[in-house]
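Record features (TrEMBL):
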- B:29-49: transmembrane segment (TRANSMEM)
- B:65-112: domain 'NADH-Ubiquinone oxidoreductase (complex I) chain 5 N-terminal' (DOMAIN)
- B:81-104: transmembrane segment (TRANSMEM)
- B:128-430: domain 'NADH:quinone oxidoreductase/Mrp antiporter transmembrane' (DOMAIN)
- B:205-221: transmembrane segment (TRANSMEM)
- B:242-259: transmembrane segment (TRANSMEM)
- B:301-327: transmembrane segment (TRANSMEM)
- B:339-362: transmembrane segment (TRANSMEM)
- B:374-396: transmembrane segment (TRANSMEM)
- B:428-452: transmembrane segment (TRANSMEM)
- B:473-492: transmembrane segment (TRANSMEM)
- B:637-698: domain 'MrpA C-terminal/MbhD' (DOMAIN)
- B:654-671: transmembrane segment (TRANSMEM)
- B:677-695: transmembrane segment (TRANSMEM)
- B:713-789: domain 'MrpA C-terminal/MbhE' (DOMAIN)
- B:770-788: transmembrane segment (TRANSMEM)
Amino acid sequence: MKINDVILRTVVRGVVFIILTLGVYLFFSGHNAPGGGFIGGLVLGSGIVLLYITYDLETVHKRMPFDFKKVAGFGVLLATGSAIGAIFFDAPFLSQTDVYYTFPVLGEKHLTTVTIFEAGVALTVIGTLVTIILSISEDE
Amino acid sequence: MTIEIAIILIPFIMAALIPLFYRRLQRKFIGWIVLVIPVSLFLILTTYIPRIANGEAFSHTYEWIPSFNINFTTYIDGLSLIFSLLITGVGSLVILYSIFYLSMKESLHHFYCYLLLFMGAMLGVVFSDNLMVLYAFWELTSVSSFLLIAFWHHRKASRAGARKSMTITVSGGLSMLLGFLMLYTMTGTFSIREILENVDKISEQALFIPALVLILLGAFTKSAQFPFHIWLPDAMEAPTPVSAYLHSATMVKAGIYLVARFTPVFGGEMIWFWAVTGVGLITLFWGSFNAVRQYDLKAILAYSTVSQLGLIMSLLGLGSVAVHLGYSTSSVIYTQATFAALFHLINHSTFKGALFMMVGIVDHEIGTRDIRRLGGLMSILPFTFTIALIGCFSMAGLPPFNGFLSKEMFFAATVKITKLDIYSIESIGILIPVIAWVASVLTFIYCVIIVSKTFLGKIKPDISEKNPHEAPVGMLISPFVLIGLVIIIFFFPNILGEYILRPAMASVYPTFPLAEMTPHIHPWHGFKPELFMTIGVILIGILLYRYKKYWMKIYRIFPQQWTLNAIYEKVITSSENMSESITKRYMTGNLMHYFVYIYVSFVVIVAGTFLVLEAFTWDPSSDAPVENYELLLVFVAIFASFALLFAKSRITAVLLNGVVGYAVAFFFVIFRAPDLALTQLVVESVTTALYLICFKYLAELKPEPSSRKTKLSNGLISILVGSTVTLIGLAVVNYEKFNSISSYFEDSYNLAGGKNIVNTILGDFRAFDTMLEVVVLFIAGLGVYTLIKLKASKKGDADT
């Protein structure tokens, strides 16, 4: 049965950008304001899932040629790697540090190593979420 | 990083590198590259010989887990040097041999990777001063041995042998761990040297004897002592280089090492003397007795290894008498047994290594190891015959080979011990030389069998048809080096004694003056009992070999179902059956049952803790007043939950579940927790979407056909779970059993550099949880993926 989903497609086309932007915003706003790796990853992941639900697999895959299993794996490596990385600076496992750095155009920014850790969390969440939903819905 | 630590780590590093680069290499080069490691380690270790012979010892501590007294302490003294030289020396020869032995088609990278893993672990065992580190390396040798025995894992016998050796050696290792922990409780240290300093204080304690027994169990299982020896013959399924290396020259000697290492601690006890000597002698006899009736050349060598290990073990037992007697001019003579043990340890590695390589060549060139199908190979394999002849004569204890020297010292030690009148030796001590002599006769017989059945007599027709030829030079180098050592050691034994054995004696008898403990080794020492014993062995051995068919009947006396192997099988199968039946009883496959387990244990643990600790406190006085809209939300959530119970279709159920979730999210909004609210909303949406996707796979929702009793008990459990959670919620506000950690979170900006408490908890304060949760999430995702894809591919197989 082919259902008429013009409305859905039209709405999604606009909404997805808002969701994805929100996801990215949430990811970066973390640590000082609501947001962070986990919630950012969840929002991004659900946005991607929405795309998959609205359009078919091939169309989305053509635009986003990622293997989400690998995305998740990379996320785990990033998170554990940033944790282990601290050891090499003679700090305890999972130590984080931060620094204020003045960029030429952007001005002073707060840089933290926890961002790397959070990026790992976010990537794992996105990868796992999409992998689970895709593999269940692909299974015929 | 000192050289000592590097010596242990280099094999591991190489083992980790092999999988990375083996694809870019031509296969024949892997072995040569790997060979560099043991050869260079051997050369490095030889530079220690003169310094250690001067009485130095090398120690280096790297603090690993100082809070648990676990430090990576390496300690090189005379005893560990002997073993490390054997590990790297025999290791080099074995790798050289296996380059030619293994076909290029085998998965060579696995083989060398495991072999290096073993080498590193074994070096770790002999160099570790810390008992916990020693234990870790000890078990690692079992693991790598398991991998190597199962190297040809398509064979059922290989897998069974690997499992057997793993089961026996690891359970022995566990009991040894227990013994180590007892030593730690008594002395407060894991360092062997510090334990040695406290020997006088611990020998009176209650745990002393249990620790002794448990540690001996570890040593006996590893060194294949009776009745644990049954794993060693089965381990012969491994490729022959592995058998030569692990199961005759090095790994099985770890138990010997342990006994020698702990002789200064436990050696003064009678139980130690009788356990080590007695088990050693029984093993010596039983191994040689069984070796005589084997048909497989490798099985003969396996039982012969068991028997020789028993010989070394019993010598260590005999030598421990000296620890009990303490130093005096009359007691120092008994240390010679230990000297003979260390001497025979080296001799055994040389001749047995060569013999295993000889069997490998026969197997490789002829295609069988069954002595009933072999014969007359002398003319076809002349060099191999030389190896076999010299190796077997040395093992039988004939001159002019090194086995003769250590065998004579063994006889001398057994005779000497009968003169003592402690430990009730005066009554049963006479058995010691008798058993030793009988076992040596049997040893002589199977040595003759190996040589005569394989190399003498007529060539069997099916062998001559294949037109076999001598092995390539590369395969002959290693055994010839070992055979060369067999002869060189006979002619110059005192160089070995002076530089290598004597420093090791200092490790076993730290309180004895070193100069008096080094006997001068003579091939000829007059008409003494040991000489007559050797002559007797040869004469009776030849007679018994000639009339073998008349007395071979005695092997049939033992009933088949009571052999050790049969008992082992019985124990294994019955425990498998038992665990299966127990598991089947609770793993029903019914999701409802699993929920019951989870929730009941939750209630029991949490509510039980509340009851036992009397931790439940509820003080509503400081709570904020409850607003009407909050009540409304509560009502919505409760109503949705109740409605959920009576939902007729899945869609309704999922949507109602969503209502509960969104109501909770609203609570988060009301209580100003935007992070939680956002997360809850997104999670709720995604779960609902997931449910909807899954629906097409689920059957129609039907009412559960469960009995009234089940319904009641399930209802009770759910009420209990709900009340427990409610109690936690109420109690958590005023809970005072532990100090609150929220002060950390309030200071999050200074401590963690973030103003959002939730984020600093996730990414900083409790980052360890987050990290592991990420890993768990990933594993769960992979689990879902593989479950679905695996099922799909199976279906595909069925279709085609």
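Using the three backbone atoms N, Cα and C, a Cβ is placed for every residue, glycine included.
A contact between the transmembrane segment (B:81-104) and the transmembrane segment (B:770-788) is absent, since fewer than 3 of their C-beta pairs, 6 or more residues apart, lie under 8 Å. Secondary structure of the domain 'NADH-Ubiquinone oxidoreductase (complex I) chain 5 N-terminal' (B:65-112) per DSSP, as helix, strand and coil residue counts: 32 helix, 8 strand, 8 coil.
Sequence-distant contacts of the transmembrane segment (B:770-788), counting only residues of its own chain at least 6 positions beyond either end whose CB sits under 8 Å from a CB of the stretch, comprise 762-763. Helix, strand and coil counts under DSSP for the domain 'MrpA C-terminal/MbhE' (B:713-789) come to 62 helix, 0 strand, 15 coil.
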